Each structure stands twice: as C-alpha cells, then as structure tokens.
Amino acid sequence: MDDAPAGYRDPSGRHGAVTLTARPEPIAFDTDATALIVVDMQNAYATKGGYLDLAGFDVSATGPVIERIARAVAAARAAGIRVIWFQNGWDPDYVEAGGPGSPNWHKSNALKTMRRRPEMNERLLAKGTWDYALVDALRPEPGDIVLGKPRYSGFYNTPLDSMLRARGIRTLVFTGIATNVCVESTLRDGYHREYFGVVLADATHQAGPPSLQEGALRNIETFFGWVSDVAAFEAALQPDEARRIPA
C-alpha cells in the first residue's frame, strides 16, 4: 500500500489505471475521471500587445509554452480526457470586475493599467475583444468545455465544480498562464473541494520573474498537489504496447 501511487481511490481501494511520473511522488488516475484544464491562454496573457505585456510583464517566452500546451491537449483528446478551457475577464462595461468596493478593482493589474494609461483606449480583458480571445494556436474543439471566469480561480462564480462532479471527474491536470496566479488559485480551490491537482510545469508560465514560477511550483508540490511535465503526461497516456521497450 505504501508503494502505491498517490491519487483518487474508489471505495474498494483501487487506484487509477494510468500512473504519471510527478513530484513529490507518482500519481495515478483514470482517463474518464480526469480533465485537462487550460487556464487563460488568451492574447491578454500570451501575446505581445496584450494586457500582461502592456502592464509591463514579460511574455517573450510564451511561444514554447503554447506549443507544449498544444501537445498536452492532443494527448488528452487522444486518451479521451475532457479538455476545459478558461478565459479570464469581464463584460464590456466591467460590471463583473467590481467597483471600488471590490478588492479586484484595487488589485487587478488590467484595471489599474487602464486607469493609469487612459490614453491607450484599451479594453483589456473585455469579452468580445482581441485581448479576451484565445491565442490562434489553441482552439477548442467539439466536446471541449469553454468557461469564462471573473476572478483568478476557475471555481469562483462558475459552474466548474458541478460540471466536474456530474462527469465523475476527480483529477485535474493544469496548464496555462499564470502559474502563480490563476493556475495556482484554481488548483488550490480544487484541493479544498477534494480534487487531485497536477501541474504540467513546462506548459505553464508565470506573471513576473522566474522566481515566481519556481515558488509557485514548489508551493504546489509541497502543499496542494503534484508537478509533472508534458513529456511525462504523453508517455503515461501511451498504450501499454507503445511504452514497452524492445528487448
């Protein structure tokens, strides 16, 4: 029992059929009880001229992250794992963003950037804009779930929890931006709702210096979940025959 991987166990004690190499230990899951979460891969967060770039954050390294997310999505779809896409933002009038009575009004760097630089005439993170849209290289397909969210966590004021429970999903595999903000916030909230959370580290990117990426991943693997990578995810989802090494 002590040598068994981490992960959800059914009432009979059976763990999942797929074992993923991860830190701090391997974690097992069943593909039909797992979702791949793609967090906020919008122009706002991953493209020059988007919100993060305009707010002074470095987005120059997001290209390889987008490519690895595409690989993770392809592997998940091939294995029958549900793909869930999040888009962070608000209505065009910013009612959902909250006014001065909301901490979001004071802490959101998008809202602060627009107030500080009104001459830009930007509509950052507003639904229906280029900023809000997913990057061209990543597109949902039929069968995927696309959800908007008005705050960092994908569980806040969204139907995510009920959608997951209705489908018997217990394990959430995370990719996206930003590791230290929306990815970690959603994984933490999932942890408190009894979901097993895994981050594919090389398919995420931080908002801020690299030390924030390192700190977020260390925090997750120590307290809230597991950390793996795209190559390990792809390998774990290969049929047994494909994983065997010829003698």
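Glycine too: its Cβ is placed from the backbone N, Cα and C atoms.
Features as listed in Swiss-Prot:
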- ASP40: active site, proton acceptor (ACT_SITE)
- LYS149: active site (ACT_SITE)
- CYS182: active site, nucleophile (ACT_SITE)
Distance [Cα-Cα, Å, rounded] between LYS149 (active site) and the residue listed as 'active site, proton acceptor':
9
Collapsed DSSP category at LYS149 (active site):
strand
Which chain-mates of ASP40 (active site, proton acceptor) that are at least 6 residues away have a CB under 8 A from its CB, listed by sequence?
PHE86, GLN87, ASN88, GLY176, ILE177, ALA178, CYS182
Cβ neighbour count (within 10 Å, all chains shown) around LYS149 (active site):
23
Under DSSP, is ASP40 (active site, proton acceptor) part of a helix or a strand, or is it coil?
coil
